[in-house]
Structure formats: structure tokens, C-alpha cells
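Colleague: Below you'll find the structure I mean.
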2 protein chains.
Amino acid sequence: MQLTPFSLLLIMSKEKKQTRIADLGEFGLIERLTKNINIVNKSTLRGVGDDAAVIDYKENCVVFSTDLLTEGVHFNLMYVPLKHLGYKAVVVNLSDIYAMNARPRQITVNLALSNKFSVEAVEELYSGIHLACEHYGVDLVGGDTTSSLTGLTISISVLGEAIPENLVYRSGAKPGDLLCVSGDLGGAYMGLQLLERENEVFKVNQNTQPQLQGYDYILGRQLKPEARADVVNAFEKLKLKPTSMIDISDGLSSEILHLCKNSNVGCQLFEGSVPMDDQTKKMAGELNINPIVAALNGGEDYELLFTLSPEDSEKIKNDPDFTVIGKITEPAEGANLIAMGGSKIPLQAQGWNHLKS
Amino acid sequence: MQLTPFSLLLIMSKEKKQTRIADLGEFGLIERLTKNINIVNKSTLRGVGDDAAVIDYKENCVVFSTDLLTEGVHFNLMYVPLKHLGYKAVVVNLSDIYAMNARPRQITVNLALSNKFSVEAVEELYSGIHLACEHYGVDLVGGDTTSSLTGLTISISVLGEAIPENLVYRSGAKPGDLLCVSGDLGGAYMGLQLLERENEVFKVNQNTQPQLQGYDYILGRQLKPEARADVVNAFEKLKLKPTSMIDISDGLSSEILHLCKNSNVGCQLFEGSVPMDDQTKKMAGELNINPIVAALNGGEDYELLFTLSPEDSEKIKNDPDFTVIGKITEPAEGANLIAMGGSKIPLQAQGWNHLKS
């Protein structure tokens, strides 16, 4: 799937034949969207086509999560191609399952569509959903497609499977544990800033081409994030079980505070240790943003934040994909950022602020 | 929970203290909405508060379904009290699980709210959700609360549990089987017509009181439907397993066609046998609607439509809650309504037509 800038997309969508959803009807649309589904998991006994799907994990546990994305709040269709949106909507859900050290197996997809969407637009969205299912070996087993008065809403629920003793919660961190993260942070946020800047330029002059060269990595982080299935596989291979884990959807700062609260511990996060890509830093420089702010509060990185017992630290030492970014302390010490100069700054929860407007 | 007419509700909501959601923030709101949850199912190992819920059904199957409701399409807040809406949103999902001859155990709730909703309004909605959970013995184990640019969207997903050999699909009906239904039909639709009529009157003159007397049954069918847990319990007691089953959400006609298509059979539906309440017929008379149309195409009754082997017919014969409304035939005969006069009319799928506007 290529990252398509919005101007190109506008042209493409104008050229494609558009079919009104009303011309197909509910059952026709659902049939068209679900006809090519191949079930890949043995646990999926029945998928789409009955009142409910039927799943059998035998002696394993069920892990169950869900997320909702709304147009204008979580995504802007001016610069997010529908196929990418479908892919990302699945990925953000799968990420929650991996964050339990479990493996996603089945999803359901609910869509509410206003009548501005054509059948072809919905198919484009679904092509991204199917691609994510294929990539992560997940079965699409049901859902609901209905209308809305305005905009697009996507609600995805996911079921995952876990051997009970492998589950990792937010609540297991202990003082002395190492605080670790996969990959790098802040890229998705800086990619979003870039897209928003170019979108503003494009709104003024639709003949300009967006200036996106040299920023393919952070654009990909924003438009086509991946969930860290490979990290869960690596833990299995290394016979490593984190003491606690959470995925980074709202920003490092919020997620650390969740771990600390649920585990009843404090922590020290070392500013100088937070891994960031060069493009993240470069874009932050252009926009006069301190890159650590993007990592702490930006969110949408979908990396895994986890804690390890000190005796397990050897197991990840030589893997460049894992970085030790801090340590867990007694709860009385609180959760603090230790800045480059050594000063101690309490971490603050951001969460989303959508409802603040 | 009492059925409150809209005029009264408008007054009540004006008098209550309203808190802006932004003043509480995401985490504050979630904490307030989930603080009083009592887990009632042993299978719920972990509920709200981690990346995902964890559930263990041991040797039983997982049954998984989901639904989406949008403001202005599925409900009108002018005459649907928020508490009823929360209750109904849960019930429509549970109904899908009972239609598999399974039992619901856990739900997740996703809400997208525009800034017209206060904290108190969301709490009112949640009070209906909690009431339904309590009534049906279901645990609320997760979800997402976020904002939307306009209106309210509710997406609920449900997990149910079933002994594998008890599951009933849409695909098991055989020629010669009896077509049966629980309860009565068309009431929810006629209740909606009544509410819409009175709402039109109310919009013209806000000092009028809605004329709802004598129609409590059909208003209840529309505003506070119940899922037929008792039918699934009755089947267990009678040692009765239907050959196929579906719940009636879109109207009898659509659901019969689903059963016939999935089972590859035809059917005869006898117009004179379709059970309807006196209030349904009376309201239909007032509005000049043929009541059979309300039963066939109205939907939202959430009764169970099922087929039985002829040798099982004795088991339900004396139960006034079950009605034999037709019989399953060879597929070549098609699915037909046998009208009172004896004429044969092919059944037609309606589904929803929301996207037609």
C-alpha cells in the first residue's frame, strides 16, 4: 500500500465511477464487502452471516477490546486516504491485544456512513481493513453497516487468544524494574503536523503539490502504523515475560502514568534515553517544537511500553529495537521526567482533549 | 424505569445541574461512569481498566456480536429518554446472542458524543446501560468514550457463552419444520408511529401534552424492549433445540427470508396466524395502516423466530407465548405469505432503508 498525498487522491476519487449505496441496499452492500473473506483461524467456527460469530479457543483465555474513531476528531479525510484509514482502524485495536501479550484472532467492524460516501469509497475503506486482517492473520467475523446524518464513524472490536499464564497486565510493575519501550516515539505526531501544515497550504491553493519529500518515515508512522506483533513473538522466543505492559496510543506520558497508577509505583523517565527518529527531530526543528514533547504527548505511536525485572535485562540488551528509558521506583517518589540537565519534572496526563472544544 | 413522555423530559433536563464533559476530562469521565461496576460472571477474569478485558469460558464456545446506533437514524432524542436509549442499546445486542441459543456474559460500550452532551446526560445514558447489565446478568468490561462533531453514536459489542452442541444457526431449517415465533409482532413499530405523531404535534405547540394514554404496551415495546432470555431458558427446560433461529430486528419478512436463504428452503407464512396485540391493531387502525404490514416490515420487536421439527411441536403446544405461524417447504416453492383469503404473496426483504435518503 503506497502513501498517497491528498491532492492525488482527490483527483483519483473524481475519476472513479461512483455508485450510490442506496442503489445496492443494505444486504447488497454487506454481501459485496464480505464476499471474499477467507477464514484463517481454526478458532473461528462461524464468521459473517448469522446473528453472531462463534469462536472456540479451547483451554485458552479470550482477550476482548474495542475502539471508536470519528471523522473530524480522529481522522481528516482531506489527507487520510480511505484505505489507510481502514488499515489503521484495525491496527489500533490489534495493538491493545498485543499489549496484553496476547494474539488477536477475530474482529468485527461497525461503520456509520453519511450519504456522501459511495459504494466505491466504502470498498476502498474495506480494502484497508482486509489488508490489515491478512497481514496480522485476523478473521473479520461480523459487524454492522448503517447510516449517519453526518460523517464517518468506525467502531472495531477485537478478540484475542492467550495462554492464561502469559497474560501481562498494567498492574505488575515493581520498584527496581526497568522501564522499556519498543521502536521510537513521536513520529506519528510529527507526521500529523506535517500533513496538517501541507493541508493548510493546499486549501489556499489547490494547484500546489504538498512538500512531503524526505519525510516518508514519519508520514508512514501517521498514515500506516503497525501493531507490534513482532515484539510479542520476540518475547516468546526470548522466554521473556514483562512484569507490566501497555501500548502507546495517547503518548508516553499518559501511558507511564497508567502503569504507575495500576501498579502502585513511581518511576524515573530519562529524557536523554527516549528513542526518536531523525525525521521526527528534523520536523520538530522545522516547526519549532521540542521533540520530547511529541514523544511525551503526541500519541499514536502504537509502540509497546513495558517493565522488566532487572534479571531479565540481559535478554534484550543487544536488540536495537528495545530501549531502556527509565526505572520503576517506590510510589512515594511519583512519576518524573529526569531532564537532560538533571532536573526532575513531574509527568502529566494528557489523554485526549477532544471534548475540550 | 418509567416511560417518560418527551415534554416532561425536556423540563427535567432543564432543571438538572449540567456539568461540561471538558471539566472532568477523559479519565475523570471514564472513572465516574465505571466506578460502581460489580462483576457478576465468574468468566470475567478482568474487566475495565487495562488494554483489554480477559474472559475464560473453559470448554464452552464464545459467541460474538456487535451493533451500532446513530442519532437521527436509529433514535430521536426528542422522544427517546437517554436512560431508555442506553437500556435498548444493550438489549438489541443481547438479543443476537439469545438468537444463537447462547447466553450473553460481557459487553463493551463505545460512545461518540458531541459537546451538546453534559456529564449528567452521559450518566443518564449509562444508568440505562447498567440497568440492562444488571437485569440480564451481564458484565460491562470495557469500551471507549470519545467525541464526535455532531450527535451521539453508540456501538456495543457482546460476548456470549454456549455449550457447542446447543448452538442454533440460521441454516438448520428443513422442509416440513414448523415456523414459530415468540410473543407478538408489530408493536414496536406502532409505538414509534405514535411517538412520531405526538412529536409533530409537540413541535407545533410545546404547551400540549402528548396523547399517549391507553398505549403503554406499544410504547414499552418501542422504548424499552426486552431480549428473550426467558425463551432460551424455556428451551433448556423443555429439552427443545430449534432447527434454526434468528431474532426479529428488521421485521418478520426480512428475517424469514434470511432463514430460508441460509437453510436453502422455502416457506409458507399464514397471515391469520401472526400474533399481534390489541394495541398494535388499534393504533394501526387509527393511522390507517394494515397491522400485518407493521409485523412484516416494522422491525425492532426483538422476538425470536425459529423452526421446529414436527415431532417437537407437542412441547410448545400449550405455551401461549409461542405461536406456530407457518411451515417450511421445499426451496422451489419460495417464501410466501398466505393471505387470509388464501392468495399467495411472495415475501420481500426490507432491511433498513436509512441510506436511501
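Please read every residue number as a count from 1 along the shown chain.
From the backbone N, Cα and C atoms, a Cβ is placed for every residue, glycine too.
Here the structure is a predicted model, which means the values were calculated and not measured.
Feature table excerpt (TrEMBL):
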- B:49-161: domain 'PurM-like N-terminal' (DOMAIN)
- B:Asp51, B:Asp96, B:Asp247: Mg(2+) 3 binding site (BINDING)
- B:Asp67, B:Asp96: Mg(2+) 2 binding site (BINDING)
- B:His74, B:Glu300, B:Trp352: substrate binding site (BINDING)
- B:Tyr126, B:Gly143, B:Asp144, B:Arg170, B:Ser249: ATP binding site (BINDING)
- B:174-331: domain 'PurM-like C-terminal' (DOMAIN)
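A description of the local structural setting of each listed feature is requested, covering burial, neighbours and distances.
Modeller: The predicted model assigns the domain 'PurM-like N-terminal' (B:49-161) a mean pLDDT of 95.
Spatially close to B:Asp51 (Mg(2+) 3 binding site) yet at least six residues away along the chain is no residue at all, judged by Cβ distances under 8 angstroms. When secondary structure is read from DSSP and collapsed to three states, B:Asp51 (Mg(2+) 3 binding site) falls in the coil class.
Sequence-distant contacts of B:Asp96 (Mg(2+) 3 binding site), defined by Cβ-Cβ distance under 8 angstroms and a gap of at least six in the same chain, are B:Ser65, B:Asp67, B:Val158, B:Asp247.
The secondary structure of B:His74 (substrate binding site), as reduced to three states from DSSP, is coil rather than helix or strand. Around the Cβ of B:His74 (substrate binding site), a 10 Å sphere holds 24 further Cβ atoms from the protein chains shown.
Under DSSP, B:Ser249 (ATP binding site) is assigned to coil, being neither helix nor strand in the three-state scheme. For B:Ser249 (ATP binding site), other Cβ atoms within 10 Å of its Cβ number 21.
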Colleague: In which DSSP state, out of helix, strand and coil, do we find B:Asp67 (Mg(2+) 2 binding site)?
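Modeller: Its secondary structure by DSSP: strand.
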Colleague: Looking only at Cβ atoms, how many others are within 10 Å of the one on B:Arg170 (ATP binding site)?
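Modeller: 23, counting other Cβ atoms within 10 Å of B:Arg170 (ATP binding site).
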Colleague: Starting from the Cβ of B:Gly143 (ATP binding site), draw a 10 Å sphere and report how many other Cβ atoms land inside it.
Modeller: 26
Colleague: Counting Cβ atoms within 10 Å of each candidate's own Cβ, which of the binding-site residues B:Asp144, B:Asp247, B:Glu300 comes out highest?
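Modeller: Result of the Cβ crowding comparison: B:Asp247.
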Colleague: Take the binding-site residues B:Asp51, B:Tyr126, B:Ser249, B:Glu300 and keep those with a Cβ under 8 Å from any chain A Cβ; what remains?
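Modeller: Out of B:Asp51, B:Tyr126, B:Ser249, B:Glu300, B:Asp51 lie under 8 Å of chain A.
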Colleague: Which residues does B:Tyr126 (ATP binding site) neighbour through Cβ under 8 Å, counting only same-chain ones at least six apart?
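Modeller: Result: B:Leu33, B:Gly86.
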Colleague: Find the shortest Cα-Cα separation between B:His74 (substrate binding site) and the binding-site residues B:Gly143, B:Arg170, B:Ser249, and name the residue that gives it.
Modeller: B:Ser249
